[in-house]
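Taking it in order: structure first as structure tokens, then the write-up.
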Ligand SMILES: *Cc1c(COP(=O)(O)O)cnc(C)c1O
């Protein structure tokens, strides 16, 4: 049985807290994590929630309570994780293009550090030698993921150290005594074909054979969730079976039992999130009917940025006749959430909901057009609680320095 919030619950939240509103469902997050635990139970697996998808402190605390670790891409995410109660050994710091000081800051906080370029690896090795274990982020040169913006493992990607530079990595390890505890790859988001992970794994096994101190292989994430009926999802159960076989084989050959780590973001929180807006204007033109809502790409950028599809429903008029709409926001440039979308008749004042709004929704929001960021609400045990206040006008001026 799949956990979801009812139309009634969503409408009540919209009435109580106002719109636009992000709503999250704790039990759905738990269900997703349980599914991963089940799918990979034959593996020696650990899950580190990629918190850049949604960092509200309550979500972090929930993840901690559910037993997940945390994958962080900035030192501030690391600090948020510590504040939420994660111990440093449950935090993996995977920054890209940061200065050495930020990597050192992670070391000072005692978290796992994942280094993604040769120059930083060299500096870290020179300074700390074998005293502090590190992970190395590799770029396996695999094209994977839903689209170019979210693909990170291909040859043109800025992420990771090329697998063709293994000799260089070896030299650094030899000359500095660096202790490489784990190898990492993350080839992108929305990977439908589980063989991408297996291909990456084989490359990493090859390296692990050369470096006997390696204990962990981190396969990143990219688990896809469905965005509409019949949409594909990454078959994590199939992947779990394939990985169990591959790791068992490696263990037989080498007598080494490696851990496998994952960093799911979208998989854990996407479907647990709902974004509720209100239809302000219904405008019929010669070309279409626009449903203009009280939000825009400043609140949910995925449709405009990634051409992502989010299922939309009219919460207020579920039995209304179906019509075709272009759903648009109020930002003063092209701001389209959906083209040619069949919705139950939209009347001005109706609540519309966007599904799959948990991941990269609020987190990528901005104050563009001097609009206020939405509030966030968490449903847990059937009860909605405000977990972030809506921005107020004063927030727009908060860090501005008036000199004129
Ligand atoms: C963004 C990111 C993830 C999470 O990706 P999802 O597609 O949201 O699961 C995992 N690992 C790293 C290093 C990332 O940058």
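Just so you know, glycine gets a Cβ as well, placed from its N, Cα and C.
Features as listed in TrEMBL:
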DOMAIN    27-270  domain 'Orn/DAP/Arg decarboxylase 2 N-terminal'
MOD_RES   52  N6-(pyridoxal phosphate)lysine
BINDING   222, 360  pyridoxal 5'-phosphate binding site
BINDING   302, 306, 333, 360  substrate binding site
ACT_SITE  332  active site, proton donor
For the recorded positions listed here, 52, 222, 332, which shows the highest count of neighbouring CB atoms within 10 A? 222
For a Cβ distance below 6 Å to any atom of ligand 1, name the recorded positions from 222, 302, 306, 332, 333, 360 that qualify, or say none. 222
Those recorded positions of 306, 332, 333 having Cα within 10 angstroms of residue 222 (pyridoxal 5'-phosphate binding site): none
Closest of 52, 332, 360 to residue 302 (substrate binding site), Cα positions, recorded positions only: 360
Round to a whole number and give the Cα-to-Cα distance in Å for the pair residue 52 (N6-(pyridoxal phosphate)lysine) and residue 306 (substrate binding site). 17
Distance [Cα-Cα, Å, rounded] between residue 332 (active site, proton donor) and residue 306 (substrate binding site): 19
For residue 306 (substrate binding site), what is the secondary structure state per DSSP, taken as helix, strand or coil? helix
Judged by the number of other CB atoms within 10 angstroms, which among 306, 360 is the least packed of the binding-site residues? 306
Calculate the distance in Å between the alpha carbons (Cα) of residue 306 (substrate binding site) and residue 360 (pyridoxal 5'-phosphate binding site), and round it to a whole number. 11
So which one is it: of the binding-site residues 302, 333, which has the fewest other Cβ atoms within 10 Å? 333
